[in-house]
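Student: Take this structure first; my questions come after.
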Amino acid sequence: MVSTKTSLAGLEFDNCFMNAAGVWCMTKEELDGVKNSAAGTFVTKTATLEERAGNPEPRYQNVPLGSINSMGLPNQGLNYYLNYLLDLQQTDSERTFVLSVVGMSPEETHTILKTIQDSDFRGLTELNLSCPNVPGKPQIAYDFEMTERILRDVFVYFTKPLGIKLPPYFDMVHFDQAAAIFNQFPLKFVNCVNSIGNGLYIEDETVVIKPKNGFGGIGGQYIKPTALANVHAFYQRLNPSIQIVGTGGVLTGRDAFEHILCGASMVQLGTTLQKEGLYAFERITQELQSIMEEKGYGSLEDFRGKLQYISE
Ligand code: DHB
């Protein structure tokens, strides 16, 4: 039987699939759903220090080739997710889970990460540098100076396993510059990619979401080539100690296979999970296993990062 198990930051997971932050992860009930599905682990909705209501609805819309959203960081606040995870460490002590966070300011980010550092939390922390939807707040990861400063300040006190969620980059020079920054720090993973920020979808003569006059992050089929490029660009450039989580445009086992071929150690489902529900984990796992069987691959290591180029 082929295996889709994986490891991240030295922690082991029975399956390489999990939700993408923002989908099926706002409440304990939703998180329990992912935990009890075929997924290997889950990540919580990106938490700020205090709870937030987010932007006015409608703020998420499925569209034929994907989705558009401008949620505006609605969440239950750090303590809700952290306390839930601390409880799970008692009841599901053999598994580990991922806590996604970001502050509304660098100071708040440090307050959050210091709270996690000082807690008994044993899982992975994902610092979200790529929320595109809070009016007036640019994405941190498109500001390289700010990104470097935050990471430099974080690693003064943070010693638990930490990864970052990145937006897509679109220029080779930006891949080089971003990787040169990330390689200075003991990051455990980078997650490529968040939604392609600030797209616009129109039906008849009207936008389909209310915030920001219809501008929102694009996910789903639209973004797979961009996601694969980012996964592979960082796989090529980052220290081998920094693993890649692949997110973006995974509808099928074939899409997941391509993410892993590009270098992903873990694969996240966002729009597909939103559209299809928890059964997507089982279906896509089975589809990936069938491809591996056909090709004679017994484990993800047999093909991870082995993307082939066209030579003379
Ligand atoms: C939201 C969207 C994102 O893409 C993200 O990374 C964090 C938050 C949101 O709008 O809630």
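Placed from the backbone N, Cα and C atoms, the Cβ positions cover glycine too.
Below, the features straight out of TrEMBL:
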type	residues	note
DOMAIN	5-292	domain 'Dihydroorotate dehydrogenase catalytic'
BINDING	Lys45, Thr46, Asn128, Lys165, Val193, Gly220, Gly248, Gly249, Gly270, Thr271	FMN binding site
BINDING	Lys45, Asn69, Ser70, Met71, Gly72, Leu73, Asn128, Asn194, Ser195	substrate binding site
ACT_SITE	Cys131	active site, nucleophile
Student: Other than Lys45, Asn69, Ser70, Met71, Gly72, Leu73, Asn128, Asn194, Ser195, which residues of the chain come within 8 Å of the substrate site, judged by Cβ distance to the Cβ centroid of those residues?
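Tutor: Close Cβ neighbours, site residues excluded: Gly22, Thr46, Cys131, Pro132, Asn133, Gly217.
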Student: Near the Cβ of Cys131 (active site, nucleophile), how many other Cβ atoms are there if near means within 10 Å?
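Tutor: The answer is 26 other Cβ atoms.
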Student: Of Gly72, Cys131, Gly248, listed as recorded positions, which ones have a Cβ less than 6 Å away from ligand 1?
Tutor: Gly72, Cys131
Student: Measure from the CA atom of Val193 (FMN binding site) to the CA atom of Cys131 (active site, nucleophile) and give the result in Å, rounded to a whole number.
Tutor: 11
Student: Give me the Cα-Cα distance between Ser195 (substrate binding site) and Lys45 (FMN binding site), rounded to a whole Å.
Tutor: 15
Student: Mean pLDDT, the domain 'Dihydroorotate dehydrogenase catalytic' (5-292)?
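Tutor: Residues in the domain 'Dihydroorotate dehydrogenase catalytic' (5-292) carry a mean pLDDT of 98 in this prediction.
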Student: Determine the most Cβ-crowded residue among the binding-site residues Gly72, Gly248, Gly270, using a 10 Å radius around each Cβ and all protein chains in the structure.
Tutor: Gly248
